[in-house]
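What follows is a single structure, written as structure tokens, with notes after it.
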């Protein structure tokens, strides 16, 4: 499968527009074309050990959930481990692709997989994602009424001369018993300034002007984090056992909320894969589930009677790779060999 064709298919699987603005997603390393991909290796983190595995297994593309290139590289030498990843990838004609927070947001992504560890439940995103574009052209709608005079014709002529104006319509209207014309138009943020400046030259028009911000519609079941409502409340100790089983972990870190015990019921759980403090904070729930949180955010949650389960950052993500392998195989019509890294692991261990 051609690399560019594959990247297009991966972008269709999870739109990169859903990724957080601070993230670095998409194709990060591209060998010179043409480049055929026969084997795709999935990993949570692209370490040097995983890169060696990719070389040995003759992978043509590595899909690394976390972007190995995040902050800009000023040089590509053999000095640092991230630079060496780029060098080795290019030496072995291996591409590197990262989806990261785009996979967090999609309905069939990492957070959806994490909810399965709680048992039967319904869930909604904690921070819903907006559609990548507005349902109509422009970011703002401007509406005003005016007497049907030559002056209005002059104003409309000037408006039509402004770039990035669309959906300009005029309709007859009755305002305070007078026959008038209602003008409606869509425009960009830049064009809005010009429209307002034009209308402000006529105080009567200006005072009758309404400006509406066109919101991008929210996407169903798409967004960061999840608020889960369990079908039946279960004890905190039972939820912990379920989480450990789902993530295949012998232990987790636990902070029991003030006034709660291991036998306290859990009906609502808020979760976010990875580092979830910014998404979970302020959410009303019986339990917070994430990979890592700051000490003070844990204290805040506990003081509010919310128990906190921490499983280490990548442990809340890595198990998704097996599910992802099956979904991508189907999405790509089984055209390439997809393997999950055997060397990828969380860097933190209990000593």
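First residue shown is number 1, and so on along the chain.
Any Cβ shown, glycine's included, is placed from N, Cα and C.
Database features, via TrEMBL:
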{"type": "BINDING", "residues": "66, 104, 313, 317", "note": "divalent metal cation binding site"}
Position of peak Cβ density within 10 Å, selected from the binding-site residues 66, 313: 313
Site of maximum Cβ density within 10 Å, from binding-site residues 104, 317: 104
Additional residues around divalent metal cation, ordered along the sequence, whose Cβ is within 8 Å of the centroid of 66, 104, 313, 317: 44, 65, 100, 110, 273, 274, 275, 291, 314, 316
